[in-house]
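S.K.: Here it is, the structure, as C-alpha cells.
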Amino acid sequence: MIIEDVHYRVVFDSRGNETVECEVVAGEVVAKAMAPSGASTGSGEAVVVSPYRYEEIEEEVSKAIIGMSVFDQESVDEALRELDGTDNFSRIGGNFAITASLAVAKAAAEILGLPLYAYVGGVFAKELPYPLGNVIGGGRHAEGSTSIQEFLVIPVGAKTFFEAQRANAAVHKQLKKIFKERGIFAAKGDEGAWAAQISDEQAFEILSEAIQRVEDELGVKVRMGIDVAATELWDGERYVYSDRKLTTEEQIAYMAELADRYDLLYIEDPLHEKDFEGFAELTKQVKCMVCGDDIFVTNPEIIKKGIEVGAANTVLIKPNQNGTLSGTAKAVKIAKDNGYSVVVSHRSGETEDETLAHLAVAFNAKLIKTGVVGGERISKLNELIRIEELMDKPRMVMI
C-alpha cells in the first residue's frame, strides 16, 4: 500500500498556540498526527518552524514521500531527513517531520488492523507504563511559583493502569483541598498542575501530606519525583533558586539530599544540559532514576555520549525532539541496550493526539509523563486504559 496524499493544516495546542497537523492518505485509510511544543526546551532538539509554512512544506513533503510504501517506515523517515538536509530539521521543521512520520505509522497500523502499539512494538509490547503525574508546577510552566519546575507522583503500588491514574488524580484533588485548608491560592499551570506562591520546601511538605492521605484512602503506595529543569536555573556560574544560589558541587549535594529526605524515585534534569560529568556524579550518589531530558533531547548520538561517561540512568523520550519515529526508536534502543530506563513524555504545549500512549507501550517505557488532568493529558491516559483492555494479559512494567 502506497502513500497517496499528504496534507497539513494549522490547528491549536493546549496553550492556544498554533501548531501543525499532518494527514496521510493510503488507500481507504486517513491517518492524522499533531505536533506538541515545549516551554522548557533543550538546545539540541529538532527545530520548530512556523506552522504557517504548511503550504510550502506540504508541497515538498508530498514530492518526497508520496508513492512510497506506507509500511517502509525507515525509508519514509530517511526521505524526510534527506529532504530537510540538516541535522536538526531546521529547514522543514521537526514539527512537520514528526507529524508526517507518525501519521504514516498510524496509517500502516490501521491498514493491518493493528493498534499502533502492537504495530510499532510487536509481540513484546505487553506491559503498561506507570503514569508520572505533574501535580505541583513552577519554573517555566508557572511563573511566580516554585523554582523546581515539576513535583511529580508515581503510583508504584497500583496493579492496573486504571488504578494508577486514579491514584494520581486523587493526589491532585487532595492538593486542591490542602491549599484551600491553608488559605493558599492555587491556579493551574500549563500542564494542569497546581501553581501557588510557595517555596520548594513547602511544596515538598504539602505534597507529602497529600500522598499520605491518598495512600490511607486507596491503599496504593505513591512515590515522589521532581523535574528540576536545571538549565533554566543555570546562569553560567550558579543555579539560581528563589532562596539560594548553588555551585555545581552544591547543586549535586542538594539533589542527593532531596533524594534521600523525600525518598525520591525520580529526578529529571538535575543539572544543566551541558554538564555530563555532573549528571554522572549525581547518578553515582543516589539510588533513584536520574533522567536526562534537555541533556539528551532524544538524540541517539548525544545519548551515546552520555552513556560513555555514565551520565544519568534514564532517558526521557520526546518524539518531537527527534523529528521521526525511526530516529526516536533508535534513541530508545541505544538507551535500553546500555541498561538505561526509558520514560516517554508529552510537552507542556500538548494536543488531544493520543499517539504517545501507544509509543509508551511499544517502547516498553517504565513511565509515561503526560500530566494528570486536562483534556490534552487525559486523551493519552484514557487511551492507555483502552490499551489495557485490548491486551490479553496486561501487566504493569517492573520499576
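Placed from the backbone N, Cα and C atoms, the Cβ positions cover glycine too.
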S.K.: Going by Swiss-Prot, D227, E268 bind Mg(2+); tell me which of D216, D243, D293 is listed for that site too.
M.R.: D293
S.K.: According to Swiss-Prot, Q149, R347, S348, K369 bind (2R)-2-phosphoglycerate; which one of K176, K177, K180, K318 is annotated to that same site?
M.R.: K318
S.K.: Within the same chain, and leaving aside D227, E268, D293, name every residue whose CB is within 8 angstroms of the centroid of the CB atoms belonging to the recorded Mg(2+) site, in sequence order.
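M.R.: Here the non-site neighbours turn out to be Q149, E150, V228, A229, I267, D269, C291, G292, D294, L316, S345, K369.
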S.K.: Which one of the binding-site residues (R347, K369) has its C-beta surrounded by the most other C-beta atoms within 10 angstroms?
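M.R.: Most Cβ neighbours within 10 Å: K369.
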S.K.: If one measures from the C-alpha of R347 ((2R)-2-phosphoglycerate binding site) to the C-alpha of E268 (Mg(2+) binding site), what distance in angstrom results, rounded to a whole number?
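M.R.: Cα-Cα distance, R347 ((2R)-2-phosphoglycerate binding site) to E268 (Mg(2+) binding site): 14 Å.
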S.K.: Have a look at the recorded positions E191, D227, E268 and say which one has the shortest Cα distance to S348 ((2R)-2-phosphoglycerate binding site).
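M.R.: Comparing Cα positions, the candidate nearest S348 ((2R)-2-phosphoglycerate binding site) turns out to be E191.
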S.K.: Would you identify which of the binding-site residues Q149, S348 has the most other C-beta atoms lying within 10 angstroms of its C-beta?
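M.R.: That would be Q149, with the most Cβ atoms nearby.
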S.K.: Between D293 (Mg(2+) binding site) and K318 ((2R)-2-phosphoglycerate binding site), what C-alpha distance do you get in Å?
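M.R.: The separation of the Cα atoms works out to 8 Å.
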S.K.: For E268 (Mg(2+) binding site), what is the secondary structure state per DSSP, taken as helix, strand or coil?
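M.R.: SS state of E268 (Mg(2+) binding site) = strand.
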